[in-house]
Each structure stands twice: as structure tokens, then as C-alpha cells.
């Protein structure tokens, strides 16, 4: 009876055995203080013994080279389209919820419908130390183009704090100002906070391991009329009846919002009371004045508008059209 039973056992294993080869190229890498990335390739084809339906990642905490506590298991089931017969597929899994500054042992097995196959050799990895949590952050905009930034330590610091890092700036600009503070400091006043702009503030706390996750706050300062005038008004070219004008936007700090249009005011310097006002919409920074008198000097100035209204006119600049014979 025993012999027959043994024969049946061998026969059933030979027909549809589980994978006899372990997953290959198993790599483990600490992602942060509580997570590890495990990657691997499928077993060699001649040791798969059927369609691989998925993988199991086994892991256990280690202390002094010995397993400690309950072993844990994460399963990755392959979709039907991924069932494998080749050895080119690469897999990875993030294992989270681990303890900081702790060593773990990882093994990976492939499974078919008949069960788990051979385990890979154990791989050890240690999670990093924990960085602080997010600090608490309060931003108060004041009227004098400043913002008061106040903060409180994170709830979880994972050891003594060693300072803070603040990054801030206009959202529409690529670069942020970066400043560092000691662990005793808890506020800072940012200047040059422009009206009509949105700002982002990013604050992180640091312990011996490094900087933690950033707390991010944004503020939007209401628009006002521009407080400055367009810059560098000049003439690009002229004929006997036209002048092409070009200028630059007001200084960034003086725009106080999005420039929606410009207004040009011009007059023949010999005719004091008949200025002509022209809107420039959309807000291009070039305009051709046409229908002018030949060989005549004109006085020109320009102002910018936001949704709240117009700002001040630029200082006036004088341009002269060409005489008729030169303008042809």
C-alpha cells in the first residue's frame, strides 16, 4: 500500500508540480523610513511548470540576525494577460507600513494554480530613520506688501528638531526663495509680496535624518490698479504718417495684478487741447499710430490697466514723423 501511495504522489507532482525555481534577480531597496521596494524577475521558463498566476512576498522583522515577530505576506496576482511563460517580465512591489530604522528579511515565491513554488534566497534591508512630520503653518498677509509666516513643530519629530527650511515665491515664477531657520525660530516676515499675485509657501522640519515632508500653503493677494507705469516707451520706426511704438510692462512689483490692456494718449505738440486716447486690447506692448501729419512732433504716453482700473501714465516721450518726400 505504501509503495502505491508513493507512486501516486510522484505521479501527481510530475504532472502539474509547483514552480521548482525561485524568482530571480530579487532586489530590495529602502524607499523611506516605513517603505521598501521589492523587485524581481520570473523563474527560468523550464522551472515554471505551468502558468504563473502570481507572486507572494514574504517578509519578517530581524533582530540580531534572528526573525522577530510574525512573518508577513503580500500577494500580487497577475491579470490573465500577464500569465507568464517567458523570463523577461520584471515585477516590483512597494511594501509599506514598516518601522523606521529596522531590518527586514524578504523572500519571493511564484505560484501556479497548484500552489507556491521555491522561495528566493532571503534579502536583508534596513529602513531609514524617520524624518519629522509636517509642521503646522499659518500665513497672514498684511497691507504693507508683506506676509507674516508663523509655524509650530510637527506632532511627530522622531528625535530632537534641528531646524526648519522655508521655500516661498510667486506661483507664476519658476524659482522659489529658500531660507533656513534654527529649531528655536517660529516666524518670519516675507517682504515684496505683490498685490494681485498668488504665492506658495513650503515649510519642512529637520531632525538628524533629514528634512521631513513639506507643509504647503498658498495665498492670493487681491488685485489693485497698477502703481507703476509701463517702462521704456520708444519708437521702433516711423513714416510721414505713422509711428510704431514699443514699451515694456510695468515693473513686476508695480503691476498689482494681470495687465488687461494699455491706453496710449498722444497729441500734436502744437495743439494743446486735443489729445487722442487709444486702447490697446489685448495687452500687447506695441502699437502703430497712423493717420498722423507729416513732419510733425507728437507727445505720447502710455498707462497699464488691471481689472481694477488704470494705473499712472508714463512720462511723455516725443516722436517726429518724417517729411512727405522721405516718408514715401
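Including glycine, each Cβ sits where the backbone N, Cα and C put it.
In TrEMBL, the feature region 'Disordered' is placed on 305-328, out of the ranges 281-304, 305-328. Model confidence over the domain 'Fibronectin type-III' (22-130) is summarised by a mean pLDDT of 85.
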